[in-house]
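Note sheet for the following structure.
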Amino acid sequence: MSAIQRLTGKTAVITGGATGIGFAAAKRFIEEGAFVFIFGRRQEKLDAATAALGPNSRAVQGSVTELADLDRLYEAVKAERGSLDIVMANAGAGMATPLGKITGEQCDIVFGTNLKGTIFTIQGALPLMAQAGGGSIILTGSSSGTTGAPPLSVYGASKAAIRNLARSWAGTLRDEGIRINVLSPASIATEIAKEALGEQGMKMFAQQNPLKRMGQPEEVGAVAAFLASSDSSFMTASEVSVDGGLAQI
């Protein structure tokens, strides 16, 4: 349990919130006093997450690529809480494919989830954030959006676009009392990363950053809580990297 209670009374939505970084952020937000709605595609993962998160969590099943699902999410938030203070647009998709083998379907999936999904996640949240008098938006980026990675070019391009969304929207959202920032992780030991890389792959991947280790989802969740809170009140349109220094070398 966090001793800091920076989010008491706040309501948050986290897409991709049932596992990995999203779940770690949800756990930290609740520890700091927030009520959290997690949103994701797999009902069994959502059920397990809410069982672990406790009574200050709710789950809504759906995909950020389906506008009707996002409508249901925000209807649930409105019905139970009335307004919304924090949105973490964390749902994402990525595929490792070298140039020359990229398909249209892969582009549609990655950009549909990472870019279109983020746009409509935020757009749908704005009326409820206006009811709260403003708040904080966190977009999950990636260090690959800055550094580039040959097998992840489509994914990296989609995350570079996320950074541009924050910069493009910051002035407009200021007038609504809303701050927007990008949280860009890399080298994080999520379950998906462990399954994809294996134990040996994780060890090799860890050596690519200056700290020579993999980060933990909880370390990203702690930074998300900072960005969600008033401690980051003079930050907007910023990108914060939680990647062991990977994007800086």
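Note that Cβ sites are derived from N, Cα and C of the backbone, with glycine treated the same way.
Taken straight from Swiss-Prot:
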type     : residues                                            : note
ACT_SITE : Tyr155                                              : active site, proton acceptor
ACT_SITE : Lys159                                              : active site, lowers pKa of active site Tyr
BINDING  : Ile21, Lys45, Asn90, Tyr155, Lys159, Ile188, Thr190 : NADP(+) binding site
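Projection of Swiss-Prot feature records onto the structure.
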residue	record	CB count, 10 Å
Ile21	NADP(+) binding site	28
Lys45	NADP(+) binding site	17
Asn90	NADP(+) binding site	29
Tyr155	active site, proton acceptor	23
Lys159	active site, lowers pKa of active site Tyr	26
Ile188	NADP(+) binding site	21
Thr190	NADP(+) binding site	20
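Put simply, Asn90 is the one of the binding-site residues Ile21, Lys45, Asn90, Ile188, Thr190 whose Cα lies nearest to the Cα of Lys159 (active site, lowers pKa of active site Tyr).
Distance between Cα atoms for Asn90 (NADP(+) binding site) and Tyr155 (active site, proton acceptor): 14 Å, as a whole number. Largest Cα-to-Cα span within the NADP(+)-binding set Ile21, Lys45, Asn90, Tyr155, Lys159, Ile188, Thr190: 25 Å. Cα-Cα distance from Tyr155 (active site, proton acceptor) to Ile188 (NADP(+) binding site): 16 Å (rounded to the nearest whole number). A strand conformation is recorded for Ile188 (NADP(+) binding site) in the three-state DSSP classification.
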